[in-house]
Ligand code: PHE
């Protein structure tokens, strides 16, 4: 491979078939466990409306600018994140150190998939649990026990993690058009249909208004500094930015597509899905007199309790977890892409083999996360350091990726695009003119880095 050829995929014609195909793929990546699992529970924990407003501001100030920059870098480099950053440092005449953006991205996406797959496996397992009717009429102890029982069983978690990874490998291994695009074209419409069904169902509970006012009437007395930081961190996670995933997807983006406009549609749809997920979940929680601030167990414990009490709970519970599963799969395939793209280019192995080799390595590392919930629950590798006390392998990986590699990657991407690249590159790729361009550059150069730096330092201290 020649490291200086940019736009390799453009030349080979190996691209998304249309702007819409790219949008669906990117929305598929963005919409994931973050929207359906995490957003509702952090909104619940942080008191609702005011948190949602801050989150929307973070999407605008940090999320959209980094998303535009990352897709732009991807298309301009036209190869895997590692190779794209390598060539761009040459063609843009910048310091070689920026190449770390590519490596940071590939390693982080590798690591994040290793644990994302384990949680995706929970979703898989819950489709079956809900369909079996085990939640019907069950009490809080039984439902909490089912969740705890699943986590305690190494065999169960390993099985679901393996099935989940196998699905991801199969899709990615078939290539951009025949694998990813095909799967996404089926899964994304399904996701939207399921989501609308769930919101419609939530409207029949009689507690929809309560959910709307919980999510949209801001009460700033409930907002803490920590809440603001959570909102910012989540804005990055939910848009899949900072770790090369959007860069990898951008490398297959046809030249004629306007990146700024496309990125805004992606962010809008991702945010829309998160809000709709909240509107699907909170009415059920309120209708059953349950607690919106229940934390990570909100959808695996609180929600099944609600389904177990409601008419139609069997069907809607099953559909809900199917929705979660679909969202997780379309995100997971995007995490494998930077690794596969690199293996294909750099090691010259076929797409299918790259997916298999990369996927198996990730699966293997994922076993560390599986064990973190049972056999290794008391194994705290860095326990000697006060800060890491009590953290399992899974906690450490999550911390490393979500609190270090993603924000640092996002920061570096904003700085590279805002300060290091030549004006020509931005003009060719971004698709903004006049005042819009200046406004965008101002945000990207100053506000975005400042925003990320604040969260990053706070998280660290
Ligand atoms: N955005 C995905 C979600 O919300 C997670 C993700 C992060 C996907 C990073 C790709 C890269 O679940």
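Cβ coordinates come from backbone N, Cα and C, glycine included.
Here's what TrEMBL has on this protein:
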type     : residues : note
TRANSMEM : 20-37    : transmembrane segment
TRANSMEM : 49-69    : transmembrane segment
TRANSMEM : 100-124  : transmembrane segment
TRANSMEM : 157-176  : transmembrane segment
TRANSMEM : 188-208  : transmembrane segment
TRANSMEM : 228-250  : transmembrane segment
TRANSMEM : 262-286  : transmembrane segment
TRANSMEM : 306-333  : transmembrane segment
TRANSMEM : 354-376  : transmembrane segment
TRANSMEM : 396-421  : transmembrane segment
TRANSMEM : 442-460  : transmembrane segment
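Between the transmembrane segment (354-376) and the transmembrane segment (157-176), three or more CB pairs separated by 6 or more residues in sequence fall under 8 Å, so the two stretches touch.
The transmembrane segment (262-286) shares the most Cβ pairs under 8 Å with 20-37, out of the stretches 20-37, 49-69, 157-176, 228-250, 442-460. The recorded stretches the transmembrane segment (157-176) and the transmembrane segment (228-250) do not share 3+ CB pairs below 8 A when only pairs 6 or more apart in sequence are counted, and are therefore not in contact. The transmembrane segment (306-333) makes contact with the transmembrane segment (20-37): 3 or more of their CB pairs lie within 8 A, with pairs spaced 6 or more apart in sequence. Between the transmembrane segment (228-250) and the stretches 20-37, 49-69, 100-124, 396-421, the greatest number of Cβ pairs separated by less than 8 Å involves 49-69.
Remark: the transmembrane segment (396-421) contacts the transmembrane segment (49-69), by the rule of 3 or more CB pairs under 8 A.
By the count of Cβ pairs under 8 Å, the stretch nearest in packing to the transmembrane segment (49-69) among 20-37, 100-124, 188-208, 442-460 is 442-460.
Within its own chain, the transmembrane segment (100-124) has Cβ neighbours under 8 Å at 32-33, 37, 73, 80-86, 150, 157, 159-165, 168, 242-245, 247, 300, 321, 324-325, 328-329, 331-332, 335-339, 342, 358, 361-363, 365-366, 368-370, 394, 397-398, 400-402, 405-406, 408-409, 412-413, 416, counting only residues six or more beyond its boundaries.
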